[in-house]
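**Student:** Got a structure here, written out as C-alpha coordinates. Questions coming.
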Amino acid sequence: MTMVGNFAPLVLAGDNDRVDAQAAGEYLDTWAGQDGLRLATSNVIKAILAGSGRLAGRIARGSLPGDPGKLVGVNSDSDQQKSIDVGSHNLFVELLIAAGAASVLSEEADLPVKGKADGLVAVAIDPLDGSGNVGLGAPLGTIFSIFPADTAEPFLQPGNRQLAAGYVSFGNSIDLAFSVGEGVLFATLDPVSGIFQITRKNVTLPERTSDLAYNASVYRHLSAGMKAYVDDCYNGKDGPRGRNFNMRWLGAAVGDMHRIMQRGGIFFYVDDARPGYEKGRLRLVYEANPIAFLSQQAGGKATNGSTPILDIVPETYHERSALVFGVAEEVDVLGEYYARPRN
(Lines of atoms letter the chains of each structure in order from A and count residues from 1; the text may use other names and numbers.)
(Lines give C-alpha, C1' and ligand atoms only; values in the text may rest on other atoms or scores of the structure.)
Protein backbone atom coordinates (compact mmCIF):
# COMPACT_ATOMS: atom_id res chain seq x y z
CA MET A 1 0.00 0.00 0.00
CA THR A 2 1.36 3.41 -0.96
CA MET A 3 1.81 5.91 1.85
CA VAL A 4 0.81 9.58 1.58
CA GLY A 5 3.22 11.24 3.97
CA ASN A 6 2.84 9.13 7.10
CA PHE A 7 -0.73 8.17 6.24
CA ALA A 8 -1.87 5.13 4.32
CA PRO A 9 -4.81 6.07 2.07
CA LEU A 10 -8.25 4.78 2.94
CA VAL A 11 -9.28 1.77 0.88
CA LEU A 12 -12.98 1.52 0.09
CA ALA A 13 -14.98 -1.61 -0.59
CA GLY A 14 -14.69 -2.38 -4.28
CA ASP A 15 -11.56 -0.27 -4.81
CA ASN A 16 -9.00 -1.43 -7.33
CA ASP A 17 -5.88 0.13 -8.80
CA ARG A 18 -7.33 0.36 -12.33
CA VAL A 19 -4.24 -1.35 -13.67
CA ASP A 20 -5.96 -1.57 -17.04
CA ALA A 21 -6.64 2.18 -17.26
CA GLN A 22 -5.09 3.81 -20.31
CA ALA A 23 -2.80 6.78 -19.74
CA ALA A 24 -3.95 9.98 -21.40
CA GLY A 25 -0.51 10.38 -22.96
CA GLU A 26 -0.72 6.89 -24.44
CA TYR A 27 -4.14 7.67 -25.89
CA LEU A 28 -2.76 10.83 -27.48
CA ASP A 29 0.25 9.01 -28.93
CA THR A 30 -2.01 6.43 -30.56
CA TRP A 31 -4.38 9.10 -31.86
CA ALA A 32 -1.55 11.18 -33.30
CA GLY A 33 0.28 8.40 -35.13
CA GLN A 34 2.71 9.96 -37.60
CA ASP A 35 0.50 12.88 -38.62
CA GLY A 36 2.41 16.12 -38.16
CA LEU A 37 -0.47 18.32 -37.02
CA ARG A 38 -1.78 15.65 -34.66
CA LEU A 39 1.69 15.13 -33.20
CA ALA A 40 2.01 18.86 -32.58
CA THR A 41 -1.41 18.88 -30.89
CA SER A 42 -0.56 15.83 -28.80
CA ASN A 43 2.75 17.31 -27.68
CA VAL A 44 1.26 20.53 -26.33
CA ILE A 45 -1.55 18.69 -24.54
CA LYS A 46 1.02 16.45 -22.86
CA ALA A 47 2.96 19.57 -21.86
CA ILE A 48 -0.20 20.94 -20.23
CA LEU A 49 -0.66 17.67 -18.35
CA ALA A 50 2.90 17.86 -17.06
CA GLY A 51 2.39 21.44 -15.97
CA SER A 52 -0.93 20.59 -14.32
CA GLY A 53 0.75 17.92 -12.21
CA ARG A 54 3.32 20.44 -11.01
CA LEU A 55 0.67 23.09 -10.37
CA ALA A 56 -1.45 20.57 -8.45
CA GLY A 57 1.50 19.87 -6.18
CA ARG A 58 1.89 23.56 -5.38
CA ILE A 59 -1.83 24.06 -4.80
CA ALA A 60 -1.87 21.11 -2.40
CA ARG A 61 0.87 22.70 -0.26
CA GLY A 62 -1.26 25.78 0.36
CA SER A 63 0.50 28.41 2.45
CA LEU A 64 3.22 26.10 3.79
CA PRO A 65 5.98 27.47 1.52
CA GLY A 66 4.45 30.96 1.27
CA ASP A 67 1.21 32.71 0.43
CA PRO A 68 0.07 31.67 -3.09
CA GLY A 69 -2.57 34.40 -3.00
CA LYS A 70 -0.14 37.25 -2.42
CA LEU A 71 -0.92 40.16 -4.75
CA VAL A 72 1.99 40.86 -7.07
CA GLY A 73 0.53 43.06 -9.83
CA VAL A 74 -2.29 43.54 -12.33
CA ASN A 75 -2.86 42.11 -15.79
CA SER A 76 -3.75 43.94 -19.00
CA ASP A 77 -7.39 44.30 -17.95
CA SER A 78 -6.53 45.63 -14.49
CA ASP A 79 -7.43 42.32 -12.82
CA GLN A 80 -5.29 41.74 -9.74
CA GLN A 81 -2.62 39.09 -10.22
CA LYS A 82 -1.67 36.75 -7.42
CA SER A 83 1.64 35.02 -7.01
CA ILE A 84 0.13 31.75 -8.19
CA ASP A 85 -1.36 33.44 -11.29
CA VAL A 86 2.08 34.61 -12.39
CA GLY A 87 3.76 31.35 -11.42
CA SER A 88 1.29 29.20 -13.33
CA HIS A 89 1.56 31.50 -16.37
CA ASN A 90 5.34 31.20 -16.42
CA LEU A 91 5.15 27.43 -15.96
CA PHE A 92 2.75 26.75 -18.82
CA VAL A 93 4.34 29.19 -21.26
CA GLU A 94 7.76 27.61 -20.70
CA LEU A 95 6.45 24.07 -21.15
CA LEU A 96 4.33 24.88 -24.20
CA ILE A 97 7.13 26.68 -26.01
CA ALA A 98 9.45 23.76 -25.24
CA ALA A 99 6.79 21.40 -26.65
CA GLY A 100 6.85 23.20 -30.00
CA ALA A 101 3.96 25.67 -29.82
CA ALA A 102 4.21 28.45 -32.39
CA SER A 103 2.75 30.92 -29.91
CA VAL A 104 0.97 31.00 -26.57
CA LEU A 105 -1.80 33.40 -25.53
CA SER A 106 -2.30 33.57 -21.78
CA GLU A 107 -4.80 35.53 -19.74
CA GLU A 108 -1.87 36.88 -17.76
CA ALA A 109 -0.05 38.55 -20.69
CA ASP A 110 -1.08 41.39 -23.00
CA LEU A 111 0.23 39.77 -26.18
CA PRO A 112 0.92 36.23 -27.36
CA VAL A 113 4.35 34.84 -26.52
CA LYS A 114 6.19 33.76 -29.64
CA GLY A 115 7.49 30.21 -29.76
CA LYS A 116 8.80 27.87 -32.43
CA ALA A 117 8.98 29.65 -35.80
CA ASP A 118 7.78 26.59 -37.70
CA GLY A 119 5.37 25.40 -35.01
CA LEU A 120 2.09 24.00 -36.27
CA VAL A 121 -0.20 24.91 -33.37
CA ALA A 122 -1.02 27.92 -31.21
CA VAL A 123 -2.25 27.49 -27.64
CA ALA A 124 -4.62 29.83 -25.78
CA ILE A 125 -4.74 29.21 -22.05
CA ASP A 126 -6.08 30.52 -18.78
CA PRO A 127 -3.35 29.12 -16.51
CA LEU A 128 -5.41 29.33 -13.33
CA ASP A 129 -9.13 29.94 -13.62
CA GLY A 130 -10.88 30.94 -10.40
CA SER A 131 -7.79 32.18 -8.58
CA GLY A 132 -10.11 34.15 -6.29
CA ASN A 133 -10.74 30.75 -4.69
CA VAL A 134 -7.07 30.23 -3.76
CA GLY A 135 -6.79 29.23 -0.12
CA LEU A 136 -10.52 28.60 0.27
CA GLY A 137 -10.70 24.97 -0.82
CA ALA A 138 -13.05 25.91 -3.65
CA PRO A 139 -12.48 24.77 -7.26
CA LEU A 140 -9.61 26.01 -9.40
CA GLY A 141 -8.82 25.07 -12.97
CA THR A 142 -6.66 25.36 -16.04
CA ILE A 143 -8.42 25.67 -19.39
CA PHE A 144 -6.93 25.63 -22.87
CA SER A 145 -7.69 25.80 -26.57
CA ILE A 146 -5.49 24.68 -29.47
CA PHE A 147 -5.65 26.28 -32.92
CA PRO A 148 -3.77 25.63 -36.15
CA ALA A 149 -0.96 28.16 -36.54
CA ASP A 150 -1.62 28.59 -40.24
CA THR A 151 -2.59 32.27 -40.21
CA ALA A 152 -0.86 35.46 -39.11
CA GLU A 153 -3.33 35.77 -36.21
CA PRO A 154 -4.16 32.24 -35.05
CA PHE A 155 -5.98 33.48 -31.95
CA LEU A 156 -8.39 35.62 -33.97
CA GLN A 157 -9.98 32.64 -35.69
CA PRO A 158 -13.51 31.43 -34.93
CA GLY A 159 -13.73 28.67 -32.36
CA ASN A 160 -14.90 26.17 -34.96
CA ARG A 161 -11.27 25.99 -36.12
CA GLN A 162 -10.09 24.57 -32.80
CA LEU A 163 -8.11 21.37 -33.09
CA ALA A 164 -8.55 20.40 -29.45
CA ALA A 165 -9.55 21.81 -26.09
CA GLY A 166 -9.68 20.79 -22.48
CA TYR A 167 -9.49 21.71 -18.85
CA VAL A 168 -7.96 20.44 -15.63
CA SER A 169 -10.05 20.77 -12.48
CA PHE A 170 -8.14 21.05 -9.20
CA GLY A 171 -10.59 19.81 -6.61
CA ASN A 172 -10.66 16.84 -4.26
CA SER A 173 -9.10 15.02 -7.20
CA ILE A 174 -7.18 16.38 -10.18
CA ASP A 175 -9.43 15.73 -13.17
CA LEU A 176 -8.88 16.28 -16.87
CA ALA A 177 -11.50 16.62 -19.58
CA PHE A 178 -10.30 16.95 -23.15
CA SER A 179 -11.30 16.42 -26.74
CA VAL A 180 -9.36 16.17 -29.97
CA GLY A 181 -12.59 16.36 -31.95
CA GLU A 182 -13.56 12.74 -31.37
CA GLY A 183 -15.72 13.03 -28.26
CA VAL A 184 -14.87 14.01 -24.69
CA LEU A 185 -12.68 11.96 -22.39
CA PHE A 186 -12.16 12.16 -18.63
CA ALA A 187 -8.91 11.32 -16.88
CA THR A 188 -7.71 11.60 -13.29
CA LEU A 189 -4.19 12.27 -12.05
CA ASP A 190 -2.85 9.33 -10.07
CA PRO A 191 -0.84 10.98 -7.27
CA VAL A 192 1.29 7.85 -6.93
CA SER A 193 2.43 7.48 -10.54
CA GLY A 194 1.98 11.12 -11.57
CA ILE A 195 0.09 9.95 -14.66
CA PHE A 196 -3.33 11.07 -15.89
CA GLN A 197 -5.29 7.86 -16.39
CA ILE A 198 -8.43 7.79 -18.51
CA THR A 199 -11.52 7.00 -16.49
CA ARG A 200 -14.28 7.59 -19.03
CA LYS A 201 -14.66 7.95 -22.78
CA ASN A 202 -17.46 9.34 -24.94
CA VAL A 203 -18.78 11.64 -22.22
CA THR A 204 -22.23 12.94 -23.15
CA LEU A 205 -24.59 15.42 -21.56
CA PRO A 206 -28.15 14.33 -20.71
CA GLU A 207 -31.11 15.40 -22.84
CA ARG A 208 -32.76 17.40 -20.03
CA THR A 209 -31.59 19.18 -16.91
CA SER A 210 -32.96 20.93 -13.84
CA ASP A 211 -29.67 22.39 -12.60
CA LEU A 212 -28.95 26.09 -13.15
CA ALA A 213 -25.56 27.76 -12.56
CA TYR A 214 -25.48 31.55 -12.42
CA ASN A 215 -24.40 34.34 -10.09
CA ALA A 216 -27.61 35.27 -8.29
CA SER A 217 -26.14 38.56 -7.08
CA VAL A 218 -26.41 40.04 -10.59
CA TYR A 219 -30.14 39.33 -10.94
CA ARG A 220 -31.15 42.98 -10.64
CA HIS A 221 -28.84 43.89 -13.54
CA LEU A 222 -30.23 41.31 -15.98
CA SER A 223 -32.50 42.06 -18.91
CA ALA A 224 -36.24 41.54 -18.50
CA GLY A 225 -36.06 38.34 -20.52
CA MET A 226 -33.28 36.85 -18.41
CA LYS A 227 -35.06 37.82 -15.20
CA ALA A 228 -38.13 36.00 -16.51
CA TYR A 229 -36.02 32.91 -17.24
CA VAL A 230 -34.64 32.86 -13.69
CA ASP A 231 -38.08 33.52 -12.19
CA ASP A 232 -39.66 30.70 -14.16
CA CYS A 233 -36.91 28.31 -13.06
CA TYR A 234 -37.27 29.37 -9.43
CA ASN A 235 -41.04 28.93 -9.56
CA GLY A 236 -40.38 25.29 -10.32
CA LYS A 237 -43.29 22.90 -10.67
CA ASP A 238 -45.73 25.69 -9.80
CA GLY A 239 -44.55 27.84 -12.71
CA PRO A 240 -44.53 27.53 -16.51
CA ARG A 241 -41.51 25.20 -16.52
CA GLY A 242 -43.48 22.55 -14.65
CA ARG A 243 -40.51 21.12 -12.72
CA ASN A 244 -38.23 22.16 -9.88
CA PHE A 245 -34.74 23.53 -10.51
CA ASN A 246 -31.64 23.53 -8.33
CA MET A 247 -29.17 26.44 -8.35
CA ARG A 248 -25.40 25.91 -8.36
CA TRP A 249 -22.58 28.47 -8.54
CA LEU A 250 -18.95 27.60 -7.85
CA GLY A 251 -17.25 30.89 -8.68
CA ALA A 252 -14.95 29.34 -11.29
CA ALA A 253 -16.00 28.54 -14.84
CA VAL A 254 -13.94 25.34 -14.89
CA GLY A 255 -15.59 24.17 -11.68
CA ASP A 256 -19.08 24.74 -13.06
CA MET A 257 -18.08 23.17 -16.37
CA HIS A 258 -16.76 20.06 -14.63
CA ARG A 259 -19.97 19.64 -12.67
CA ILE A 260 -22.12 20.09 -15.77
CA MET A 261 -20.03 17.66 -17.81
CA GLN A 262 -20.66 15.02 -15.14
CA ARG A 263 -24.17 15.78 -13.95
CA GLY A 264 -25.75 17.91 -16.64
CA GLY A 265 -26.94 21.47 -16.18
CA ILE A 266 -26.90 24.91 -17.74
CA PHE A 267 -24.56 27.80 -16.99
CA PHE A 268 -25.00 31.42 -17.95
CA TYR A 269 -22.90 34.53 -17.52
CA VAL A 270 -24.44 36.95 -19.97
CA ASP A 271 -24.27 40.67 -20.62
CA ASP A 272 -26.05 42.90 -18.13
CA ALA A 273 -26.60 46.56 -17.26
CA ARG A 274 -23.41 47.11 -15.27
CA PRO A 275 -20.67 49.25 -16.84
CA GLY A 276 -18.07 46.97 -18.37
CA TYR A 277 -20.44 44.01 -18.65
CA GLU A 278 -22.06 44.95 -21.95
CA LYS A 279 -20.57 41.85 -23.62
CA GLY A 280 -20.43 39.59 -20.61
CA ARG A 281 -17.30 38.91 -18.61
CA LEU A 282 -15.64 35.66 -19.66
CA ARG A 283 -12.90 35.65 -22.28
CA LEU A 284 -13.89 34.37 -25.69
CA VAL A 285 -10.60 32.90 -26.91
CA TYR A 286 -9.41 30.89 -23.91
CA GLU A 287 -12.55 30.40 -21.82
CA ALA A 288 -15.73 30.45 -23.93
CA ASN A 289 -14.15 28.74 -26.95
CA PRO A 290 -12.82 25.64 -25.18
CA ILE A 291 -15.99 25.35 -23.11
CA ALA A 292 -18.07 25.55 -26.29
CA PHE A 293 -15.90 22.99 -28.06
CA LEU A 294 -16.22 20.50 -25.21
CA SER A 295 -19.94 21.17 -24.80
CA GLN A 296 -20.59 20.48 -28.47
CA GLN A 297 -18.42 17.37 -28.43
CA ALA A 298 -20.54 16.10 -25.52
CA GLY A 299 -23.82 16.75 -27.35
CA GLY A 300 -24.55 20.07 -25.69
CA LYS A 301 -24.55 23.65 -26.91
CA ALA A 302 -22.86 26.96 -26.14
CA THR A 303 -23.96 30.43 -27.26
CA ASN A 304 -23.59 34.07 -26.29
CA GLY A 305 -27.35 34.05 -25.78
CA SER A 306 -28.13 34.05 -29.48
CA THR A 307 -25.08 33.15 -31.60
CA PRO A 308 -23.14 29.89 -31.30
CA ILE A 309 -19.84 30.65 -29.57
CA LEU A 310 -17.88 28.63 -32.12
CA ASP A 311 -19.11 30.90 -34.94
CA ILE A 312 -17.86 34.14 -33.38
CA VAL A 313 -14.74 35.71 -34.89
CA PRO A 314 -12.81 37.51 -32.13
CA GLU A 315 -11.47 40.98 -32.83
CA THR A 316 -9.02 41.17 -29.92
CA TYR A 317 -6.99 38.66 -27.95
CA HIS A 318 -8.74 39.22 -24.64
CA GLU A 319 -12.23 39.91 -25.99
CA ARG A 320 -15.05 39.23 -23.58
CA SER A 321 -18.21 37.34 -24.39
CA ALA A 322 -21.52 36.42 -22.86
CA LEU A 323 -21.67 32.66 -22.36
CA VAL A 324 -24.48 30.13 -22.06
CA PHE A 325 -23.57 26.45 -22.15
CA GLY A 326 -24.79 23.03 -21.12
CA VAL A 327 -27.64 20.70 -22.05
CA ALA A 328 -28.75 21.55 -25.58
CA GLU A 329 -32.49 21.65 -24.88
CA GLU A 330 -32.06 24.09 -22.00
CA VAL A 331 -29.66 26.33 -23.93
CA ASP A 332 -32.36 26.64 -26.59
CA VAL A 333 -35.00 27.47 -23.97
CA LEU A 334 -32.82 30.16 -22.44
CA GLY A 335 -32.17 31.60 -25.89
CA GLU A 336 -35.90 32.23 -26.32
CA TYR A 337 -35.97 34.26 -23.10
CA TYR A 338 -32.75 36.07 -24.03
CA ALA A 339 -34.32 37.23 -27.31
CA ARG A 340 -37.14 39.06 -25.53
CA PRO A 341 -37.11 42.88 -25.29
CA ARG A 342 -34.39 44.10 -22.94
CA ASN A 343 -36.70 46.16 -20.71
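Each Cβ is built from the backbone N, Cα and C atoms, and glycine gets one as well.
Features from TrEMBL:
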type    : residues         : note
DOMAIN  : 68-200           : domain 'Fructose-1-6-bisphosphatase class I N-terminal'
BINDING : E107, D126, L128 : Mg(2+) 1 binding site
BINDING : D126, D129, E287 : Mg(2+) 2 binding site
DOMAIN  : 205-338          : domain 'Fructose-1-6-bisphosphatase class 1 C-terminal'
BINDING : N215             : substrate binding site
**Student:** Other than E107, D126, L128 themselves, what residues in this chain have Cβ atoms within 8 Å of the centroid of the Mg(2+) 1 site's Cβ atoms?
**Tutor:** D85, S88, H89, S106, E108, I125, P127, D129, S131, T142, I143, Y286
**Student:** Other than D126, D129, E287 themselves, what residues in this chain have Cβ atoms within 8 Å of the centroid of the Mg(2+) 2 site's Cβ atoms?
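**Tutor:** Going along the sequence, the neighbours appear as E107, G130, G141, T142, I143, A253, V254, L282, R283, Y286.
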**Student:** Give the three-state DSSP assignment (helix, strand or coil) for E107 (Mg(2+) 1 binding site).
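**Tutor:** Note: E107 (Mg(2+) 1 binding site) is coil by DSSP, not helix or strand.
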**Student:** Checking your reading of the structure: which of the binding-site residues D126, L128, N215 lie inside a 10 Å Cα sphere centred on E287 (Mg(2+) 2 binding site)?
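**Tutor:** Of everything listed, what lies within 10 Å of E287 (Mg(2+) 2 binding site) (Cα to Cα) is D126.
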**Student:** Per-residue pLDDT averaged over the domain 'Fructose-1-6-bisphosphatase class I N-terminal' (68-200) comes to what?
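**Tutor:** Here the predicted model's pLDDT, averaged over the domain 'Fructose-1-6-bisphosphatase class I N-terminal' (68-200), is 93.
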**Student:** Round to the nearest Å and give the CA-to-CA distance linking D126 (Mg(2+) 1 binding site) with N215 (substrate binding site).
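**Tutor:** One finds 21 Å between the Cα atoms of these residues.
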**Student:** Between L128 (Mg(2+) 1 binding site) and N215 (substrate binding site), what is the CA-CA distance rounded to a whole number of Å?
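**Tutor:** The separation of the Cα atoms works out to 20 Å.
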**Student:** Give me the long-range Cβ neighbours of the residue listed as 'substrate binding site': same chain, 6+ apart, Cβ under 8 Å, in sequence order.
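**Tutor:** In sequence order, W249, Y269 meet the Cβ cut-off.
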**Student:** Give me the long-range Cβ neighbours of D129 (Mg(2+) 2 binding site): same chain, 6+ apart, Cβ under 8 Å, in sequence order.
**Tutor:** L140, G141, T142, I143, Y167, A252, A253, V254, E287
**Student:** Are there any residues in the same chain, six or more apart in sequence, whose C-beta is under 8 angstroms from the C-beta of E107 (Mg(2+) 1 binding site), and if so which?
**Tutor:** N75, H89, I125, D126, P127, R283, Y286, H318
